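What TrEMBL says about this one:
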ACT_SITE  CYS78  active site
ACT_SITE  CYS78  active site, proton donor
ACT_SITE  CYS233  active site, proton acceptor
BINDING   ASN13, GLN46, ASN69, GLY79, ASN80, ASN173, ASN206, GLU224, ARG225, GLY234, THR235  substrate binding site
Amino acid sequence: MQISFTKMQGAGNDFVVLDETRGPLGLSAAQYRWLADRHFGVGADQILSVRPAPQAMAGQVDFEYVIHNADGGEVEQCGNGARCFARYVFDKGLTRQSRLRVLTKAGVITPQLQPDGRVTVNMGRPRLAPQEVPFDSVGLTAQRVGRADVWQLPLQGVAGLDAVQVTVLSMGNPHAVQRVDDVASAPVQQVGAAIERHAAFPQRVNAGFVQVLARDRIALRVFERGAGETLACGTGACAAVVAGILWDALDSRVDVVTRGGVLTIEWSADPACDVLMTGPAETVFEGTVCIPELSD
Ligand SMILES: N[C@H](CCC[C@H](N)C(=O)O)C(=O)O
(Lines of atoms letter the chains of each structure in order from A and count residues from 1; the text may use other names and numbers.)
(Lines give C-alpha, C1' and ligand atoms only; values in the text may rest on other atoms or scores of the structure.)
Protein backbone atom coordinates (compact mmCIF):
# COMPACT_ATOMS: atom_id res chain seq x y z
CA MET A 1 0.00 0.00 0.00
CA GLN A 2 1.53 3.34 -1.09
CA ILE A 3 0.96 6.06 1.48
CA SER A 4 2.15 9.62 2.13
CA PHE A 5 3.34 10.58 5.59
CA THR A 6 4.88 13.48 7.49
CA LYS A 7 7.80 12.91 9.87
CA MET A 8 7.62 15.20 12.93
CA GLN A 9 9.25 15.55 16.33
CA GLY A 10 8.45 17.25 19.61
CA ALA A 11 11.54 17.61 21.86
CA GLY A 12 13.09 14.68 20.04
CA ASN A 13 10.11 12.32 20.53
CA ASP A 14 9.52 11.43 16.90
CA PHE A 15 6.42 10.53 14.95
CA VAL A 16 5.08 9.38 11.61
CA VAL A 17 1.90 11.40 11.02
CA LEU A 18 -0.79 9.93 8.74
CA ASP A 19 -3.62 11.98 7.20
CA GLU A 20 -6.73 9.83 7.56
CA THR A 21 -9.20 12.69 7.17
CA ARG A 22 -10.49 11.18 3.92
CA GLY A 23 -10.92 7.76 5.50
CA PRO A 24 -8.97 5.28 7.65
CA LEU A 25 -6.02 3.46 6.08
CA GLY A 26 -6.98 0.26 7.92
CA LEU A 27 -3.41 -0.56 8.99
CA SER A 28 -2.68 -3.66 11.08
CA ALA A 29 -0.59 -3.62 14.27
CA ALA A 30 2.18 -5.28 12.25
CA GLN A 31 2.04 -2.46 9.71
CA TYR A 32 2.23 0.17 12.48
CA ARG A 33 5.29 -1.72 13.82
CA TRP A 34 6.80 -1.72 10.33
CA LEU A 35 6.28 2.06 9.96
CA ALA A 36 7.97 2.64 13.33
CA ASP A 37 10.89 0.31 12.58
CA ARG A 38 14.12 2.35 12.26
CA HIS A 39 15.76 -0.22 9.96
CA PHE A 40 13.04 -1.79 7.82
CA GLY A 41 10.48 1.04 7.87
CA VAL A 42 10.42 4.82 8.35
CA GLY A 43 11.30 4.96 12.06
CA ALA A 44 9.35 6.60 14.91
CA ASP A 45 8.46 6.30 18.59
CA GLN A 46 4.75 6.58 17.80
CA ILE A 47 2.45 6.70 14.73
CA LEU A 48 -0.15 9.50 14.86
CA SER A 49 -3.37 9.33 12.82
CA VAL A 50 -5.34 12.49 12.01
CA ARG A 51 -9.02 11.67 11.63
CA PRO A 52 -12.18 13.78 11.31
CA ALA A 53 -14.42 14.32 14.30
CA PRO A 54 -16.76 11.36 14.76
CA GLN A 55 -20.27 12.14 13.48
CA ALA A 56 -21.63 11.73 17.02
CA MET A 57 -19.33 14.53 18.23
CA ALA A 58 -19.66 16.88 15.27
CA GLY A 59 -19.52 20.45 16.57
CA GLN A 60 -18.09 19.34 19.92
CA VAL A 61 -14.59 18.39 18.71
CA ASP A 62 -12.59 19.36 15.61
CA PHE A 63 -10.56 16.17 15.03
CA GLU A 64 -9.93 12.68 16.35
CA TYR A 65 -6.33 11.79 17.27
CA VAL A 66 -5.34 8.11 17.27
CA ILE A 67 -1.97 6.98 18.61
CA HIS A 68 -0.03 3.74 18.14
CA ASN A 69 3.24 2.93 19.93
CA ALA A 70 6.25 1.56 18.06
CA ASP A 71 5.18 -1.93 19.23
CA GLY A 72 1.94 -1.52 17.25
CA GLY A 73 -0.34 -1.15 20.28
CA GLU A 74 -2.94 1.63 20.35
CA VAL A 75 -2.65 3.90 23.39
CA GLU A 76 -4.76 6.53 25.10
CA GLN A 77 -2.59 9.64 24.97
CA CYS A 78 0.64 11.17 23.66
CA GLY A 79 1.57 14.68 24.78
CA ASN A 80 4.47 15.47 22.44
CA GLY A 81 2.34 14.01 19.66
CA ALA A 82 -0.55 16.33 20.54
CA ARG A 83 1.62 19.37 19.87
CA CYS A 84 2.76 17.91 16.53
CA PHE A 85 -0.87 17.02 15.70
CA ALA A 86 -1.91 20.67 16.15
CA ARG A 87 1.05 21.95 14.12
CA TYR A 88 0.26 19.42 11.36
CA VAL A 89 -3.44 20.24 10.91
CA PHE A 90 -2.74 24.00 10.92
CA ASP A 91 0.21 23.82 8.49
CA LYS A 92 -1.71 21.47 6.17
CA GLY A 93 -4.65 23.90 6.05
CA LEU A 94 -7.00 21.34 7.65
CA THR A 95 -8.05 24.07 10.07
CA ARG A 96 -7.73 27.82 10.38
CA GLN A 97 -8.18 27.68 14.16
CA SER A 98 -5.16 28.15 16.41
CA ARG A 99 -7.03 26.51 19.32
CA LEU A 100 -8.37 23.01 18.70
CA ARG A 101 -10.60 20.49 20.47
CA VAL A 102 -9.11 17.07 19.83
CA LEU A 103 -10.72 13.77 20.79
CA THR A 104 -8.42 11.02 22.10
CA LYS A 105 -9.07 7.66 23.80
CA ALA A 106 -8.34 9.51 27.07
CA GLY A 107 -10.85 12.30 26.40
CA VAL A 108 -10.74 15.76 24.79
CA ILE A 109 -7.52 17.79 24.86
CA THR A 110 -7.14 21.36 23.63
CA PRO A 111 -3.89 22.34 21.87
CA GLN A 112 -3.23 26.06 21.29
CA LEU A 113 -0.60 27.26 18.78
CA GLN A 114 1.57 30.00 20.32
CA PRO A 115 3.02 33.01 18.41
CA ASP A 116 6.58 31.79 19.16
CA GLY A 117 5.91 28.50 17.34
CA ARG A 118 5.52 26.40 20.46
CA VAL A 119 2.24 24.69 21.31
CA THR A 120 0.41 24.67 24.66
CA VAL A 121 -1.88 21.70 25.35
CA ASN A 122 -4.42 21.35 28.13
CA MET A 123 -3.77 17.68 28.96
CA GLY A 124 -6.70 17.34 31.36
CA ARG A 125 -6.55 16.45 35.01
CA PRO A 126 -4.24 13.81 36.52
CA ARG A 127 -5.93 10.61 37.74
CA LEU A 128 -4.44 9.63 41.11
CA ALA A 129 -6.54 6.66 42.22
CA PRO A 130 -4.76 3.30 41.62
CA GLN A 131 -7.77 1.83 39.82
CA GLU A 132 -7.71 4.76 37.34
CA VAL A 133 -4.10 4.07 36.31
CA PRO A 134 -4.62 0.97 36.43
CA PHE A 135 -2.31 -0.15 39.26
CA ASP A 136 -2.88 -3.30 41.33
CA SER A 137 -1.60 -2.33 44.77
CA VAL A 138 -2.70 -5.57 46.49
CA GLY A 139 0.15 -6.86 48.68
CA LEU A 140 2.21 -3.68 48.17
CA THR A 141 3.05 -1.07 50.81
CA ALA A 142 3.23 2.69 50.47
CA GLN A 143 4.51 5.57 52.54
CA ARG A 144 3.29 9.13 52.38
CA VAL A 145 5.68 11.75 51.00
CA GLY A 146 4.00 15.15 51.15
CA ARG A 147 0.55 14.53 49.62
CA ALA A 148 1.64 11.51 47.56
CA ASP A 149 1.66 7.75 48.06
CA VAL A 150 5.11 6.37 47.29
CA TRP A 151 4.78 2.63 46.63
CA GLN A 152 7.49 0.05 47.28
CA LEU A 153 7.63 -1.86 43.97
CA PRO A 154 9.59 -5.12 44.35
CA LEU A 155 12.07 -5.96 41.59
CA GLN A 156 13.83 -9.33 41.27
CA GLY A 157 17.36 -7.99 41.74
CA VAL A 158 17.30 -5.81 38.61
CA ALA A 159 20.38 -3.56 38.47
CA GLY A 160 21.17 -4.81 42.00
CA LEU A 161 17.89 -3.36 43.32
CA ASP A 162 15.32 -5.33 45.33
CA ALA A 163 12.70 -2.59 44.93
CA VAL A 164 12.07 0.93 43.69
CA GLN A 165 9.83 3.61 45.19
CA VAL A 166 7.28 5.01 42.73
CA THR A 167 4.39 7.42 42.66
CA VAL A 168 1.73 6.10 40.27
CA LEU A 169 -0.74 8.21 38.28
CA SER A 170 -2.46 8.50 34.92
CA MET A 171 -2.52 11.31 32.38
CA GLY A 172 -4.94 9.19 30.43
CA ASN A 173 -2.04 6.77 30.07
CA PRO A 174 -0.25 5.08 32.98
CA HIS A 175 2.93 6.42 34.64
CA ALA A 176 5.19 5.22 37.48
CA VAL A 177 7.50 8.05 38.59
CA GLN A 178 10.58 7.71 40.80
CA ARG A 179 13.00 10.31 42.15
CA VAL A 180 16.72 9.72 41.45
CA ASP A 181 19.85 11.68 42.41
CA ASP A 182 21.26 11.73 38.85
CA VAL A 183 19.22 10.90 35.73
CA ALA A 184 22.38 10.59 33.62
CA SER A 185 23.57 7.55 35.57
CA ALA A 186 20.15 6.11 36.46
CA PRO A 187 19.70 2.47 35.24
CA VAL A 188 16.83 3.54 32.92
CA GLN A 189 17.12 0.66 30.44
CA GLN A 190 17.17 -2.18 32.98
CA VAL A 191 14.89 -0.74 35.65
CA GLY A 192 12.60 0.95 33.12
CA ALA A 193 12.03 -2.30 31.26
CA ALA A 194 11.33 -4.17 34.53
CA ILE A 195 8.80 -1.52 35.66
CA GLU A 196 7.11 -1.35 32.23
CA ARG A 197 6.11 -5.01 32.47
CA HIS A 198 5.65 -5.28 36.25
CA ALA A 199 2.71 -7.44 37.32
CA ALA A 200 1.24 -4.51 39.30
CA PHE A 201 0.44 -2.78 35.97
CA PRO A 202 -2.14 -4.86 34.05
CA GLN A 203 -1.85 -2.55 31.01
CA ARG A 204 1.94 -2.03 31.47
CA VAL A 205 3.26 1.44 32.34
CA ASN A 206 5.60 4.29 31.37
CA ALA A 207 8.53 4.54 33.82
CA GLY A 208 9.79 8.04 34.69
CA PHE A 209 13.11 8.93 36.37
CA VAL A 210 13.14 12.46 37.90
CA GLN A 211 16.06 14.50 39.20
CA VAL A 212 14.92 17.65 41.02
CA LEU A 213 17.27 20.51 40.05
CA ALA A 214 15.25 23.32 41.69
CA ARG A 215 11.63 23.92 42.72
CA ASP A 216 10.95 25.08 39.13
CA ARG A 217 13.27 22.75 37.19
CA ILE A 218 13.73 19.00 36.84
CA ALA A 219 15.65 16.63 34.59
CA LEU A 220 13.64 13.68 33.28
CA ARG A 221 14.21 10.41 31.43
CA VAL A 222 11.31 8.09 30.54
CA PHE A 223 11.31 4.45 29.53
CA GLU A 224 8.07 4.47 27.56
CA ARG A 225 5.53 1.65 27.39
CA GLY A 226 5.69 0.15 23.91
CA ALA A 227 8.63 2.26 22.73
CA GLY A 228 11.54 2.04 25.19
CA GLU A 229 13.49 5.11 26.28
CA THR A 230 12.58 8.16 24.18
CA LEU A 231 14.31 11.54 24.08
CA ALA A 232 11.22 13.09 25.66
CA CYS A 233 7.76 12.06 26.86
CA GLY A 234 5.07 14.74 27.12
CA THR A 235 2.64 12.85 29.36
CA GLY A 236 5.69 11.64 31.30
CA ALA A 237 6.71 15.26 31.89
CA CYS A 238 3.17 16.03 33.10
CA ALA A 239 3.22 12.98 35.41
CA ALA A 240 6.68 13.86 36.77
CA VAL A 241 5.65 17.42 37.65
CA VAL A 242 2.38 16.29 39.25
CA ALA A 243 4.33 13.74 41.33
CA GLY A 244 6.98 16.33 42.26
CA ILE A 245 4.36 18.85 43.35
CA LEU A 246 2.62 16.19 45.44
CA TRP A 247 6.01 15.32 47.00
CA ASP A 248 6.17 19.03 47.98
CA ALA A 249 9.43 19.22 45.98
CA LEU A 250 8.17 21.48 43.14
CA ASP A 251 6.20 24.68 42.60
CA SER A 252 3.29 25.01 40.15
CA ARG A 253 5.31 25.92 37.01
CA VAL A 254 8.25 23.68 36.12
CA ASP A 255 10.73 23.46 33.24
CA VAL A 256 11.36 19.82 32.40
CA VAL A 257 14.77 19.22 30.86
CA THR A 258 14.70 16.11 28.66
CA ARG A 259 17.40 14.68 26.38
CA GLY A 260 15.55 16.14 23.40
CA GLY A 261 14.57 19.59 24.67
CA VAL A 262 12.70 21.52 27.36
CA LEU A 263 8.99 21.26 28.14
CA THR A 264 7.14 23.60 30.51
CA ILE A 265 4.45 22.07 32.71
CA GLU A 266 1.94 23.95 34.88
CA TRP A 267 -0.39 22.48 37.48
CA SER A 268 -2.06 24.15 40.45
CA ALA A 269 -1.82 21.06 42.72
CA ASP A 270 -5.60 20.61 42.82
CA PRO A 271 -6.43 17.11 41.49
CA ALA A 272 -9.55 18.60 39.91
CA CYS A 273 -7.40 21.03 37.86
CA ASP A 274 -5.95 20.40 34.43
CA VAL A 275 -2.26 20.10 33.57
CA LEU A 276 -0.86 22.46 30.90
CA MET A 277 2.12 21.43 28.76
CA THR A 278 4.04 23.78 26.44
CA GLY A 279 6.80 22.77 24.06
CA PRO A 280 8.09 22.57 20.49
CA ALA A 281 6.58 20.80 17.48
CA GLU A 282 8.60 20.52 14.27
CA THR A 283 8.11 19.00 10.83
CA VAL A 284 11.23 17.10 9.74
CA PHE A 285 10.32 15.83 6.25
CA GLU A 286 7.49 14.64 4.01
CA GLY A 287 7.62 11.22 2.39
CA THR A 288 5.84 8.40 0.64
CA VAL A 289 6.36 4.76 1.40
CA CYS A 290 5.05 1.40 0.21
CA ILE A 291 3.86 -0.52 3.27
CA PRO A 292 4.01 -4.32 2.84
CA GLU A 293 0.87 -6.38 3.44
CA LEU A 294 1.47 -7.55 7.03
CA SER A 295 -1.17 -9.14 9.22
CA ASP A 296 -0.91 -9.41 13.00
N1 LIG B 1 4.32 5.33 25.35
C2 LIG B 1 3.11 6.00 25.79
C3 LIG B 1 2.42 6.75 24.63
C4 LIG B 1 3.26 7.91 24.10
C5 LIG B 1 3.51 8.96 25.15
C6 LIG B 1 4.62 9.96 24.89
N7 LIG B 1 5.35 9.84 23.66
C8 LIG B 1 4.15 11.39 25.15
O9 LIG B 1 4.68 12.33 24.53
O10 LIG B 1 3.24 11.54 26.01
C11 LIG B 1 2.14 4.96 26.40
O12 LIG B 1 2.23 3.79 26.01
O13 LIG B 1 1.31 5.35 27.22
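Residue numbering: from 1, along the chain as shown.
Just so it is clear, glycine is given a Cβ too, placed from its N, Cα and C backbone atoms.
Please treat TrEMBL annotations as automatic predictions, because they have not gone through curation.
Computed from a predicted structure; not experimentally measured.
Features as recorded by TrEMBL, highlighted on the structure.
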{"residue": "ASN13", "record": "substrate binding site", "contacts (Cβ under 8 Å, 6+ apart)": "ASP45, GLN46, ASN80, GLY81, THR230, LEU231, ALA232, CYS233, GLY234, GLY260"}
{"residue": "ASN69", "record": "substrate binding site", "contacts (Cβ under 8 Å, 6+ apart)": "ALA36, ASP45, GLN46, VAL75, GLU224, ARG225, GLY226, ALA227"}
{"residue": "CYS78", "record": "active site", "contacts (Cβ under 8 Å, 6+ apart)": "GLN46, LEU48, ILE67, ASN173, GLY234, THR235"}
{"residue": "ASN206", "record": "substrate binding site", "contacts (Cβ under 8 Å, 6+ apart)": "ASN173, PRO174, HIS175, ALA176, GLU196, VAL222, PHE223, GLU224, ARG225, CYS233, THR235, GLY236, ALA239"}
Cβ neighbour count within 10 Å of ASN80 (substrate binding site)
36
For the substrate binding site, please report the maximum Cα-Cα distance among ASN13, GLN46, ASN69, GLY79, ASN80, ASN173, ASN206, GLU224, ARG225, GLY234, THR235 in Å.
16
Reduced DSSP state (H/G/I helix, E/B strand, rest coil) at ASN13 (substrate binding site) is strand
Across all chains shown, how many C-beta atoms besides its own are within 10 angstroms of the C-beta of THR235 (substrate binding site)?
30
For the recorded positions listed (ARG225, CYS233), most other Cβ atoms within 10 Å of the Cβ sits at CYS233
Structural state of ASN80 (substrate binding site), classified by DSSP into three states:
helix
